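Each remark here refers to the structure printed beneath this line.
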């Protein structure tokens, strides 16, 4: 997106759902509601994991990292989207678009890797229980989490830097809800074969490879769980892993639809709704799924709330 396009002066026109005013008003309320719940849910999950010593384990360390990524990821999109939907002028500044491009892609890529790391953690816990503490050493866990954040940053710098260099020849209308790499590549007025190939490679590395690793991990996990003699033990193991698997299917499925499916095979509105799903809906699902399906988290949350209430009444 070179400055000769005047994009840096005029910004980009985000059409979103402006051609359907009633739908846009409805989505505004839904997105605002989901965003607030996502912030509250993920923040509560981070606080519980930090404040309750019983949750100072690798699983909850990665879960708190996931919640942190989700808060940042949805915040990189939702506020701008709400502002744009609530005003007549749908223009987004050039700098805002570029910043959103880098941040959203970096955080989304980090979450892709982090979910695979969490699958490995579950594999180690279920299939290597006697060596679990030795395998998932705190330094190793920190390295895995740091690697997930760093890998997202690196791929974002590479992919987005290539994208912003594309000449747009004055084109500044984005028929989408926010600035995203596939949409900006389509706006370019030159051959984008290299950019599309690079995006495809990045998508394979950050989507297909993690999904395959997760499936392999859960294959071993399923075998190990079926060998557990205790019905209660099997139920607990399946409950923990199924929660993670639900998040994985929803998150990867929607992003694969957006990034690996040819654009001519989906309608413009399909792409918009799919983008809403992995930027707004999925970050809300994580705290709900992990809280409602996890007795440890529910117990810790209950203790935290009751403790705060007791402390407040004692002061009074």
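Using N, Cα and C of the backbone, Cβ positions are placed for all residues, glycine too.
The record in Swiss-Prot shows differing topological domain names for residue 52 and residue 260, meaning opposite sides of the membrane.
Per Swiss-Prot, the range carrying the annotation transmembrane segment out of 2-25, 26-49 is 26-49. Record note: among 173-192, 273-292, 273-292 is the stretch given as transmembrane segment by Swiss-Prot.
Distant neighbours of the transmembrane segment (58-79): 31, 35, 38-39, 42-43, 45-46, 49-50, 100, 103-104, 107-108, 110-111, 114-115, 117-118, 121-122, 125, 136, 138, 141, 144-145, 148-149, 177-178, 240, 279-280, 282-284, 286-287, 290, 297; these residues of the same chain sit at least 6 beyond its ends, with a Cβ under 8 Å from one of its Cβ atoms. Of all Cβ atoms in the shown protein chains, 25 besides its own fall within 10 Å of the Cβ of residue 97 (disulfide bond). All protein chains included, residue 189 (disulfide bond) registers 12 other Cβ atoms within 10 Å of its own Cβ. For the topological domain 'Cytoplasmic' (220-236), the residues of the chain that approach it from at least six positions outside its boundaries are 122-123, 126-127, judged by C-beta separation under 8 angstroms.
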